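Asker: Provided herewith is a single structure, encoded as structure tokens, for subsequent inquiry.
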Amino acid sequence: MNIQTDVLIIGTGVAGLYSALSLKNDIKVTMLTKSKACECNTYLAQGGISTALNKKDEPLFVDDTLRAGQYRNIKESVKILAAESKQNIDTLINFGMKFDKNEDGSLNYTREGAHSVNRIVHSTDETGKVVFETLYNEVKKRPNIEIIENIQVFDLISEDNICFGASALKNNTIYTFHSKATILASGGIGGLFKNSTNQRTLTADGIAMALRHNIDVRDLNYIQFHPTALYDSNTQEKKFLISESVRGEGGKLLSIENERFVDELLPRDVVANAIYKEEEKDNSKYVYLDITSMDADFITKRFPGIYKECLSRGLDITKNKIPVTPVQHYFMGGIKVDFNSLTSMKNLYACGEVSSTGVHGANRLASNSLLEGLVFSKRAAENINHSISFIERNEKNENLTLSDALSIIKCNRNIVINKFESILGEKKNELVNI
């Protein structure tokens, strides 16, 4: 089945939804998602969104991001992130986003690891869910935007290093989407790992297609492990994250001997490594995160999602310490893009976790992921707004069979598993089996 559209967006997380909303209303947009629209990492994000408080805070925000990233970031990208943060937060608010506020009506800012000041806006401990719902509801109002769920994109349509759309599979039917511009916003790699906070459907499909088409990628070894996922030996599903904002509000990390062993607000990689060492020293599979000294009413109001989830597993976090351990959480590497999110293939953009803007360096600063998705997806959309009238659609017929599609899907899977096995080396057993 052949479908013509102006802009094809692969993914329905913050980067996909926000790019769609940032395109002009006379542009026909088709969005594809592998499962349900809400089954994205954005929906799971807890802590919040970083933002420069004002012009004066921008240099400090840049410095914090560079320091957390071990100075392997692209500084100009970080400057863009800081400079354009507030305007995108304001746009979210105009769409109806409800951030937590102080009694005087001002935004309530919290602090997380490696931030010098409180600069993170949030919606209790379910910021990502509220961001998703805000953007998704706005998208549903736009007659120029169509979302197709439960469809697996398995290949890009290209010729002479120019992208003309993508091929996808739904209910054993092959769909060929011809577009003037294509945005890859397909998310990260957590579904490749046995233990991850990510949705299980996020299996590096965008990275696989980029590798198969010789599209430039960067820093594929930059994989972040979040220090504090709930330790639960009874489930093989995605691991439940205990937000960094819990430590930002005063939560303490303790060994199983109830001793503090690390500054809780150091960068994530530092805290995760400290926990690994403590677990090895004590021959334990977890350490404790303790918030029992906090007021119970504050805990249930500030962290309602975490409280309810832990309680459903028999753990009252107002009275008991939380067993936590590091698990795979975020992918800082990805498809190499310029400052407008353009890849090395013409008319193909990449935004969000699948992309490498250079913002994060070797270790992402807490709560910069949703912000990156906002800032650089808007830049992609604005670039398309200015260029789309000069682009002609190429309706190249792929003539793929179901057998071809299934073979390519298997090939994509093998490519990324083999790639990340070579990257992880001795830790390759953390990946799922092919």
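The backbone N, Cα and C atoms fix where each Cβ goes, glycine too.
Among the features that Swiss-Prot reports, active site, proton donor/acceptor is placed at Arg268. What Swiss-Prot records for 12-15, Lys34, 41-48, Asp205, Glu353, 369-370 is FAD binding site, and it gives similarity to another entry as the kind of evidence. Summarising the annotation, Swiss-Prot assigns site 'Important in orienting the L-aspartate substrate' to Glu112 and lists similarity to another entry as the type of evidence.
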Asker: Restricting to the same chain and to sequence separations of six or more, state which residues have a Cβ under 8 Å from that of Ala15 (FAD binding site).
Answerer: Ile183, Ala185, Cys351, Gly352, Glu353, Ser355, Gly373, Leu374, Phe376, Ser377
Asker: Around the C-beta of the residue listed as 'active site, proton donor/acceptor', how many further C-beta atoms are within 10 angstroms, looking at every protein chain?
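Answerer: Taking all protein chains shown, the residue listed as 'active site, proton donor/acceptor' has 24 Cβ neighbours within 10 Å.
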Asker: Give me the count of other Cβ atoms within 10 A of the Cβ belonging to Ala45 (FAD binding site).
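Answerer: Within a 10 Å radius of the Cβ of Ala45 (FAD binding site) lie 27 other Cβ atoms.
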